[in-house]
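*Asks:* I have a structure here, written as structure tokens, and I will follow up with some questions on it.
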Amino acid sequence: MDMNGEVEDNSRRVQVRFVTKLKPPLKVPPTSIAIPSNLTRLGLSTIVNNLLQAGDPDWKTEPFDFLIDGELVRMSLEKFLLAKGISAKILEIEYIKAVAPRKEEEPSLHDDWVSAVDGSNPGFIVTGCYDGLARLWKAAGVCTHILEGHSDGVASVGVINPEGAESIVATASKDRTLRLWKLDGEEPVNNPIKIRAFKILRGHRGSVQSVAAQTSGDMICSGSWDCTINLWRTKDNTDGDLSIKKRKVNDHADESQLEVTLVSPTGLRKEMTYRREEKGGRWRRDRDRKKEKRKGEKKRKKENKGSCWQNL
């Protein structure tokens with residue numbers, strides 16, 4: 001039997017000395033000992049605990065981590081020495097208290113990278129994730145609703161907060177679509193409520209990377225890797241509760257028709273901020289508004305590469 005309490009094998013022996021910066025009673029004798037080279041962190045921890053127990057019969061076993069030349073050992077001792085090209089006659093191994101992994105009280109509700117967040121509504125926060133889902137959160141980090149339906153990651157989210165009406169969430173995805181969602185008003189009891197979109201916006205030929213919504217209107221804008229900006233209407237005539245557990249007959253969301261497509265001469269529009277003009281029904285980029293002031297008020301044609309367009 002070796003110092004691990006296990007049957008010895010024919011593996012190579014290594015002469016080592018255990019050192020530590022920990023204070024007594026966590027210090028072992030400074031003498032060197034021979035141990036099997038195939039030991040991993042668990043075996044090394046067993047040896048250190050046996051040495052500590054030899055000096056203190058009341059010692060209670062606890063896990064340790066080990067460093068050689070300041071690097072944590074995460075493989076067998078022999079593999080580590082070969083990988084680092086270490087061949088010391090007496091190997092000095094430092095041991096430290098192992099840090100236990102954090103225990104999650106609840107399972108993580110995001111299974112991939114969080115790619116988008118919108119906190120414009122005072123009642124909730126919306127997040128978009130590369131797992132293809134959007135989620136609604138309320139105080140204390142409670143997820144109340146899961147918006148599912150996209151077949152690829154959600155790249156951008158936006159919230160429309162019309163006065164006197166329920167809020168609408170818009171999501172843009174790498175699956176080339178946008179989706180619009182309404183809350184069913186039902187508060188979850190134990191688990192988040194899953195909701196399907198009431199409208200699917202199709203028209204982009206590439207990943208939809210951004211969505212900008214009028215916070216109190218009926219229009220949204222989307223930008224895509226296909227080098228276009230699309231303008232959509234969000235008005236909906238669909239009635240009924242769209243919670244998955246209540247939708248029994250029609251599981252298909254309405255597909256909205258595209259209003260305007262604007263081609264970008266330079267490429268993808270990753271971020272957009274649009275303002276609604278009070279007069280004339282126009283939408284325009286803030287940058288172009290400043291440019292117009294410098295050049296004076298000139299009439300701009302519809303084919304001006306997306307700088308300004310008529311609201312159809």
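Going from the start of the chain as shown, residues are counted 1 onward.
Each residue, glycine too, has its Cβ placed from N, Cα and C.
All TrEMBL annotations are machine predictions without curation.
Bear in mind that the values here come from a model prediction, so they are computed numbers and not experimental data.
This is the feature table in TrEMBL:
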DOMAIN    14-81  domain 'NLE'
REPEAT    147-191  repeat 'WD'
REPEAT    201-232  repeat 'WD'
COMPBIAS  270-286  compositional bias 'Basic and acidic residues'
REGION    270-312  region 'Disordered'
COMPBIAS  287-303  compositional bias 'Basic residues'
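Describe the structural surroundings of these features, if you would.
*Replies:* Note on the domain 'NLE' (14-81): DSSP counts are 20 helix, 17 strand, 31 coil.
According to DSSP, the repeat 'WD' (147-191) comprises 0 helix, 20 strand, 25 coil.
On the 0 to 100 pLDDT scale, the repeat 'WD' (201-232) averages 87 in this prediction.
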*Asks:* Going by DSSP assignments with H, G and I as helix and E and B as strand, what are the residue counts for the repeat 'WD' (201-232)?
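*Replies:* Result for the repeat 'WD' (201-232), in helix, strand, coil order: 0 helix, 19 strand, 13 coil.
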